[in-house]
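TrEMBL annotations:
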type	residues	note
DOMAIN	B:10-67	domain 'V-ATPase proteolipid subunit C-like'
SITE	B:GLU54	site 'Reversibly protonated during proton transport'
TRANSMEM	B:7-29	transmembrane segment
TRANSMEM	B:41-66	transmembrane segment
Amino acid sequence: MTPVLRKDWLRVIRLAEGEGFKPPSAEDFVLPPIFGDNAFTTKPIFLAFLAVILISSFFILSARKAAVVPSKLQYAGESVYGFVRNNLAKDVIGHEFMRFVPYLFTLFTFILVNNLFGIIPFLQFPTMSRVSFPYVLAIITFLVFHYVGVRKHGAFKYIKEIMFMPGVPKVAYILITPLELLTFFLVRPLTLSLRLFANMFAGHLLLMVFFLGGEHLLQGVIGLKLISPFAFLIGVALTFFEFMVQCLQAYIFTLLAALYIAGALADEH
Amino acid sequence: MEGTLNLVGFGLAAIGPGIATGLIFAAYINGVARQPEARSVLQPIAFLGFALAEALALFGLVLAFVL
């Protein structure tokens, strides 16, 4: 496109847009309280409680009439449980895995359901796109894996194994010790939470751009109206992509939590 | 045009971790394809490496918002 043509094209869009399109931004994630001024009654908090109710009622129902020949509901519940127990806990942690299955299972289902709220009609807000939720989950995971390590090795030996990795030349400790300390006490919890937050935040923003943009194009001149179905189409395709990302992020968070626990339990790092 | 150059910087900074993540998973897939029974050994290593590479991109994201 030549510069002149491009300028004309931009002017046409600007004329068609009227007051101009305000793209969605980080401010769209700050939702007002539902009841009065109480900051504890925002949508994400209700969604978190809804997730707890949904998950617990689903698994209580599916386990209530447990039989040798499972019903459909029991099968669904057990396959989720089996996935976390076998693929996440058993493969990663090893022979002591049964102690950590309840925690990992809670983590996985809670994150998964909260993420899926991002694409469920009428709810359509991933709880984890508010950064405080992933922070809390990461802090709990941080406490769990350090507690496990200290219980297993004793505080002194545990810290020593983190700081002085065996099998490394003595000179290299100048570099490795600060890096290892930083990794274990700062980078791990920080990245664990930020990875989940960033994915949910970016995904929700992406969907908003395409759906709000498509809606805005509909209000434009006839040429823009013709383009808007494509924006909606891409939005729908991205919704399926988001579904994949949401499942993947729940899996990765739980897998990394299991990996960190396994690392704290291991005899030599 | 409105906006902040930070986001352009973040886009540039994300190239490195993007390539790194691709390389890690390429190696992981290669390893599993050659030796499927090594999967459970390779998986933690691959994901720890991925977490480390991803951390750099996440630092970039944080700095893009903070600065």
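Each residue, glycine too, has its Cβ placed from N, Cα and C.
Because the structure is a prediction, the values reported are computed rather than measured.
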Segment confidence, the domain 'V-ATPase proteolipid subunit C-like' (B:10-67), expressed as mean pLDDT: 89
The domain 'V-ATPase proteolipid subunit C-like' (B:10-67) - residue tally per DSSP class, helix then strand then coil: 55 helix, 0 strand, 3 coil
